[in-house]
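Novice: Take a look at this one; I'll ask things after.
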Amino acid sequence: MKILKNVVIVNPGEKPYKGFVTIEKDKFISVSPGDPKSQGIPEEDGCGGWLLPGLVNTHGHAGSSILRGAGDDMALDTWLKTVMWPNESKFTEETVKAATNLAMAEMIKSGTTTFLDMYHLFVDQFAERIADTGLKAVLGRGMIAFGTEEEKQSRLEASKHLIQQFHGSADGRLHIAVTPHAPYTCPPEFMLKAVELALDKNVLFHTHCAETKKEVEEHYSTYGIHPVDHLHKLGAYSGKSLLAHAVHVTEAHIDLFAAHKVSISHNPMSNLKLGSGIAPVAEMIKRKVNVSIGTDSTASNNSLDMVEEMRMAALLPKGRQEDPTVTNADQSFSAATVGGARALHLNKTGMLKPGWFADMILIDPKGLHLQPQSLEKIKSHILYAMKSSDIQSVWIHGKQLLKNRELTTLDEEKIIYEANIQAQKLR
Ligand SMILES: [Zn+2]
């Protein structure tokens, strides 16, 4: 058991207050105002820092982190076909290892404690490294239904194997989702098999959907239906469902998401950088759709920094609708924490609460950009002023993964070296 005292407790939906937390093994046993009564329990002084739930990134592709800066300023389909897929075809196990290590280190240092990742190469090895590193994740085998029937079947088998091998492993930190890439890369008969697998195993179904206008137009011309409606017809919303992007959707689709409890992973930076558009998230939130936040990959973002991403998610709807009142700081903070955990169907994650998992980040509030200070201003500062470099410490399931900006389970210097070596090899 241990105590972290002299902190400001900052939860989504609550007013910040000065207090302390008591942790036993992987969970909080108390989250309380004031000071702890000394009972011989080891105490750590948070020095007045702000204690937040860890950030939850609900969409990414860590395996392609090595392609940061490769192919900027291109449309999604050109970028996939001329940069991503040709480069990824040359990836070896070492490339993916260097990329995923780079992503994990970047995520921890920017306050992400839980993430969803969809990738098609060396997912087993990544799962094992996540388990060793101490992060919490939902992993899926990214499936594109090109190639022979055997090849398609082997991708479904790989998903099944992942579920059997890793779902619920690493003391409950590792979960598996079924992740077909998108309706435009997975024809309906394959998508249906993916939907059935997710339902059969009662795991999360996650795919890219309605990311660009072109995708929607081509889907209409091929199948005569919008991809969001097509997924509905295939039964994709009858279990646990999370769609990435949902940029080009109608009000009827938003009602459909609300009715079927489909969560959305809003990826504002990636959507802006690829010129895909701006998802109507204020309308989604208004109609009680659970909107979470994701970075997408460093090849389309180009960072995994959830602090920046939640700020962008807070600002964009204001500009889009020319109305600063359509979103507020607390909504985006909630989407980046407990809303993300809800989207991933992870229990007891995303808030500082007794009985919940001790996933938390400690912010050093001494920076010039975080002044002047008062309890009332903390959430505003977190959303509109904080930088991820203000994050001092990170704990996941009670274990400290970042201590005074130093990674405790990963070797940062080695990761930077390996990432550059592997990127050079690709060139
Ligand atoms: Zn993506």
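Using N, Cα and C of the backbone, Cβ positions are placed for all residues, glycine too.
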Novice: Record says His59, His61, His208 bind Zn(2+). Source is TrEMBL. Which of Asp132, Asp296, Asp305, Asp323 does it list for that same site?
Specialist: Asp296
Novice: What's the CA-CA gap between Asp296 (Zn(2+) binding site) and Glu211 (substrate binding site) in angstrom, rounded?
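Specialist: Taking the Cα atoms only, Asp296 (Zn(2+) binding site) lies 12 Å from Glu211 (substrate binding site).
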Novice: Select, from Glu88, Arg141, His181, Glu211, Asp296, each of the binding-site residues with a Cβ positioned under 6 A from at least one atom of ligand 1; if none does, say none.
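Specialist: Among Glu88, Arg141, His181, Glu211, Asp296, near ligand 1: Asp296.
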Novice: In the structure shown, with every protein chain counted, which of the binding-site residues Arg141, His181, His208 has the densest set of Cβ atoms within 10 angstroms of its Cβ?
Specialist: His208
Novice: Mind checking which of Glu88, Glu211, Asp296 has the fewest other CB atoms within 10 A of its CB? They're the binding-site residues.
Specialist: Glu88
Novice: If you average the pLDDT over the domain 'Amidohydrolase-related' (51-400), what number do you get?
Specialist: 97
